[in-house]
Amino acid sequence: MKLSKLEKALKKVRVTPQRDDTYTIGNVLWAIRMCRLMGLDCCIDEATAAEVAILIGRFQSLDLQDSPLKGKDEKAILTTLKVLWSLLAGHHPENSDMAEKYWEAWTIRERESQKEEEGEITSIYPQLRKNFPAVSTSDGSPRYDPDLTKQLKIWADATEKHGVDHHAVNILGVITANLTQSEIRLLLQSTPQWRLDIQLIESKLNAREHAHRVWKESHPEAPKTDEIIGKGLTAAEQATLTTQECRDTYRQWVLEAALEVAQGKHDRPGPINIHQGPKEPYPEFVNKLVTALEGMAAPETTKQYLLDHLSVDHANEDCRAVLLPLGPSAPMERKLEACRAVGSSKQKMQFLAEAFAAINVKGDGEVQRCYGCGKPGHIRRDCKNQKCFKCGKPGHLQRNCKSKNREALLCPFWAEERIPSGEDFCDPVCSPVGIRLNRQPFIKIFLGGRWVRALIDTGADEVVLKDIHWDRIKGVPAASVVQVGVTGRNIARRKSNVEWRFKNRYGIVDVLFSNTPVNLLGRSVLQSIVTKFTLAAHTKQIQPLPVKLHGPGPRVPQWPLTLEKYKALKEIVEELLKDGKISRTPWDNPFNTPVFVIKKKGGSKWRMLMDFRALNKVTNKGQEFQIGLPYPPGIQQCEHITAIDIKDAYFTIPLDENFRQYTAFSVVPVNREGPLERYHWNVLPQGWVCSPAIYQTTTQEIIAEIKDRFPDIVLYQYMDDLLIGSDRPDHKRVVSEIREELGAYGFKTPEEKIQEEQVQWLGYELTPKRWRFQPRQIKIKKVVTVNELQQMIGNCVWVQPEVKIPLSPLSDLLKGKTDLKDKIKLTEEAIQCLETVNKRLKDPEWKERIKEGTELVVKIQLIPEGVVYDLLQDGNPIWGGVKGWDYNHANKIKKMLSIMKKLSRIVMIMTGREVSFLIPGDSEDWESALQRINTLTEIPEVKFYKHACRWTSVCGPVIERYPTYYTDGGKKGSKAAAAYWREGKIRREVFPGTNQQAELKAVLMALQDGPAKMNIITDSRYAFEGMREEPETWGREGLWKEIGEELRRKEYVGVSWVPGHKGIGGNTEVDQEVQKALQGPITVSLPQEILLEAGETKLVKTGIFWEGLRPCKLRPEEGLKLKGSLIDEELQLEITNTQNSRVGIRQGQTIGTCFIEAIPQAIEEHEKWHTTAEILAREFQLPRRVAREIVHRCQACKRTVSCPRRGTNPRERFLWQMDNTHLEGKIIWVAVETNSGLIEARVIPEESAQSIVFCILMLVYRYTVYHIHSDNGPCFIAQKVEALCKYLKITKTTGIPYNPQAQAIVERTHRDIKDKIAAFREDCETVEAALSLTLVALNKKRGGIGGHTPYEIYLESEYNKYQEQQNHYNNFKTEKWAYVRDKRKVWKGPYKVLWDGEGAAVVEENAMPTLYPHRHMRFIPPPNTDTQDGNL
């Protein structure tokens, strides 16, 4: 802000609210001057609010206890600065108090922002800890341990000079006497300057740990390895839970390892004792180091680690200065190239001469310059201003330099360098994770016209460079200053107004020059180029995958929640918002998805869920990459295994920014306390259909990188569970690096979820060599819900490889159950099945994993429900299960081949190898059965074991010379009948059962009565296929079991099938016998006692009202001379006494039998089409009472109640009413012909004019349409529909708006269609199929006017139209003549008829057309050509 504007703004601010005095520019200048007196620099010209805020903070941090400014002046200065800050920040305070409030509000916001940033870093990097000696208390919080601090100090003093030597080992034995395992590890890690010694100690400890794990397998009574090393336990738990023996063992391991390291360093020459001499060439030093490492007994990884670090740390001072910027992990070729010019003076000068040969080479037009001063006319060795290339000071050369500081000057002092651009800077300092602390934080900055590489030093106030840079840096020399540091007092030269540049930032700074070992970049520059320093690790960015919708986004409103659930949801949302997983959505986002919370199992915590069904419907779904769980036997054997769990896996992967708006949800307060709080997801939400596929795609790339980096490890991934196996001795290091790689992408792998050696993974327990199912128990309750029973069955199916029992007792209980809350009582068989499962899961057996080169065999055992199989390796089962029969195949061998094919596929997936089978029976029987199958494509390798199993069948094709039995069965009501027929021999049997049972009973009867060799012919496909499969006793139960036993006694049975009711001899006879058995006579008795005189006739009730039977004929009992017939309407029996004497009939006395006629056919017709009573009575000649009773007893027709018939409409031929209705989410177009009631309907995709146009075209080419009447719906009054009707010359009218009676006929039809669809819906898969059956029922099976169906009435209309057209055509085509009678009743003619209409005709009389009625005309055939007009 300019001074003029600032002065005007200050005049509007009062000093206090009570006074009218205002601030002036002089007050501000006084405050700035006072700050400068205290050493605080500030310039009022072009000052910003941020600079003033920094000035206020620095002023408040001053100690003014003994200063003359203490008191009123201090408060006046602070108040004036705060007023200045508020004006520069854009506020308009009226007085100083308001400026104070603005300042307090801003500081509070800054403090909260800083806390949020610190919380974010802590949540992303929870493993960050301060390096201090602390132990964990019982509640998990750290506290300082003063005793451990003393021991750390003793250990540091012991290893300060020579590292881990014999003296340090003795000290270590004393101070670790009472320490736990974690405290000993903390002690070792507290000496970072001797990290090579510690690395060797840890390598030897890992070797001892591995050896103990191997030894522990054969000595189970010994302590566990994890207990000895204290793995998975806190310091407090190690002190209380682990035994003293375990702690002493670990301490002994540490002392032995430390002693070996000390002996290797000091007893014999080793790599640790090799150092580069001051003038020794670097390649010679590296060769000696490699030779020493080759003779060292250590793993290759340890040797490589030592080579990388010793080649830098043990190099001389000159080489180390060059190698430190490269880092220890740089390739050895790069290190050798960098140190090529380091060594003797001759080598250094030769390198410089080669590097800058182009400067001293004289070319065309070029002037030779001195490399030292840059002046032309002489070279460097003749230069009078000699300067040292080592320290930069004049007066001596490099070979005579006594300074220990060295700066590599590869550019002449006088050379100009261009001003850099943003692309020249490669150090990402401005980002919070830009500076890596695994090496010294150097950056390259353009300072005073030169590139300078400086070390970031937050403890330095100013920029401090080496003295060598004094002549190179452009600036104004200023007075020297006194530096006070860790080395004491030092006088440094100073240059002011030095320009610096870094990326897109620049400024002016003072630079100090002193005898410093390294260039330092202090806070004077850092505060401008670095915003903050955070302890953050380097992370790799995950690119979100794009997602698209194929429809509109979800707009489902949020339903209300209880107060308890609202509070829980609010708490979860705040936590997610704090972690950055969700964000507040903009006000213009119209999409919404409902959200709710449920309680987690076994606790009071809540879990947030979202109903993504609407969003999932319109999301373009991808293909999930995870196709199933890995089989544990197929996991490769390893020496070490580790299981890792990824925490919040979905929440680590970002969601596509363009898609985030569709995941918006709302938090609605109770009683509408305030407005909605709207959020959307920034990461993958749970429950969204694409979250698994995106997660799998992302992690697949990361896992591929890890496998490429470690090709010798075994890595299994299932969603967020990882299993790592390897044979490496440094397995833990590999696991640590994999976790670091995952952490680089933001995936968290908590320590508490890491398992080693014996792990629980995906429901299994795994060791390096074996596996088993985790022990578990299924809770058994006598009464369960459908949902609970489904969960039980799912758990049992999961452990089938262990239990290997059929689950049919449990699955049979679910038949017919649709509601998940229905109660089911477990049967004894089901409870016994669950108890068997629990017994086998109490302590599952350990099984081996698949070994390379071993033979795999699948052994199959037969059970009634299917087969039990075991995958054998060296005779021991490693996998198994139960497979049920596939009844789609024709015989048993096809079923077995199908199961073997499935098992081969399972083993192929598990191992990638072929497998052989061990099945029951013998090879001859098996090969004989295979020869009968003509469609075999693949036969697996098979071996056999002894078992009573026959693969061939006695059933085959019919042989004519054997006797043939025709069988049939049927059912009526609850009664079933079975019969067989053979050359007039008949056997019938009636029993309660089903139709299939009747068919099987007939076959069983024929087998029982037939010879050893016979034929059976049936019209039942069920019985025919079952006979071909040969139902043995082990395969089926019930009638099939009895049939199988009978088949064992036969030598040969020919089986064939014929279609029923086709007049085939034998089948027709047996069918008639079954019908007779089902239609047997029904006895008739009277419900009350009657007395009949001789010749008397009475009407009595028969007592037969239902079962679909119509008594048609009455046969009296012997001794009764009665005559009877049925009265249709009343179902009464008219009985006449034909005897000469009185006859008395007691109550309940049987008077005769009635026989069935036509009723079964009527019932079958109604069950198919739900025909009306009028049509049944007409087609089957039934009494209307019986027909109505048939309809009344139909449950589907009971549910369909017709709507009341209100409203009338005009009815005429070929007038169609149209409308749309909705059912089950479908749109049904309906058209009804008003004269006949004929209905046409179809399902259309949408209510649009285009769909109505297609429907009208379909109606026109099927029926005659003169007139269309509809409502005022947009799709019916559209321009397309009107134009089509006009083109087809169809009259188009609409009804009265908002008056349903204008469409009364079609509205009634809507209800009729829905009722009929409801009746047919159970038998149809789709609405379209049910609609087709409905049209048949309503058009052809429903009585209308005069008892005719709508279809018949419409056909009559079409016939009448045809007759009219024919008459009209004949009137013009056929030549007619007629005699006519005039008014005088005189007949004249004949005249030619010009036109013949209805009731009258026009004749040509005397060359004039004359009209006569038909009653005055007599038509005659055309006369001959010579006929003349005349009078009769």
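Just so you know, glycine gets a Cβ as well, placed from its N, Cα and C.
What Swiss-Prot says about this one:
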- 368-385: zinc finger (ZN_FING)
- 386-403: zinc finger (ZN_FING)
- 452-525: domain 'Peptidase A2' (DOMAIN)
- 579-766: domain 'Reverse transcriptase' (DOMAIN)
- D645, D720, D721: Mg(2+) 1 binding site (BINDING)
- 959-1079: domain 'RNase H type-1' (DOMAIN)
- D968, E999, D1019, D1071: Mg(2+) 2 binding site (BINDING)
- 1157-1198: zinc finger (ZN_FING)
- 1206-1358: domain 'Integrase catalytic' (DOMAIN)
- D1219, D1271: Mg(2+) 3 binding site (BINDING)
- 1376-1422: DNA-binding region (DNA_BIND)
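In terms of local Cβ density within 10 Å, D968 ranks first among the binding-site residues D721, D968, E999, D1019. Rounded to a whole number, the distance between the Cα atoms of D1071 (Mg(2+) 2 binding site) and D720 (Mg(2+) 1 binding site) is 65 Å. A distance of 58 Å separates the Cα atom of D1019 (Mg(2+) 2 binding site) from that of D721 (Mg(2+) 1 binding site). For D645 (Mg(2+) 1 binding site) paired with E999 (Mg(2+) 2 binding site), the C-alpha to C-alpha distance reads 59 Å. Summary for the binding-site residues D645, D720, D1271: the Cβ-based neighbour count within 10 Å is maximal at D1271.
Across the structure, E999 (Mg(2+) 2 binding site) and D1219 (Mg(2+) 3 binding site) place their CA atoms 49 angstrom apart. Cβ atoms within 8 Å of the centroid of the Cβ atoms of D968, E999, D1019, D1071 (the Mg(2+) 2 site) belong to the same-chain residues Y966, T967, G969, G970, A1002, T1018, S1020, G1060, N1067, V1070, V1074, site residues excluded.
Cβ atoms within 8 Å of the centroid of the Cβ atoms of D645, D720, D721 (the Mg(2+) 1 site) belong to the same-chain residues I644, I646, A649, Y718, M719, L722, K753, site residues excluded.
With respect to D1071 (Mg(2+) 2 binding site), the closest of these binding-site residues in Cα terms is D1219, chosen from D721, D1219, D1271.
If you take the Cα of D968 (Mg(2+) 2 binding site) and the Cα of D721 (Mg(2+) 1 binding site), they are about 60 angstrom apart, rounded to a whole number. In sequence order, V1230, S1270, D1271, G1273, Q1303, V1306, E1307, H1310 are the residues near D1219 (Mg(2+) 3 binding site), counting only same-chain partners six or more apart with C-beta under 8 A.
Secondary structure by DSSP for the domain 'RNase H type-1' (959-1079): 45 helix, 37 strand, 39 coil. Across all of the zinc finger (386-403), the predicted model scores a mean pLDDT of 66. D1071 (Mg(2+) 2 binding site) is surrounded by 20 other CB atoms, counting those within 10 A of its CB over all protein chains shown. In the three-state DSSP assignment, the secondary structure recorded for D720 (Mg(2+) 1 binding site) is coil.
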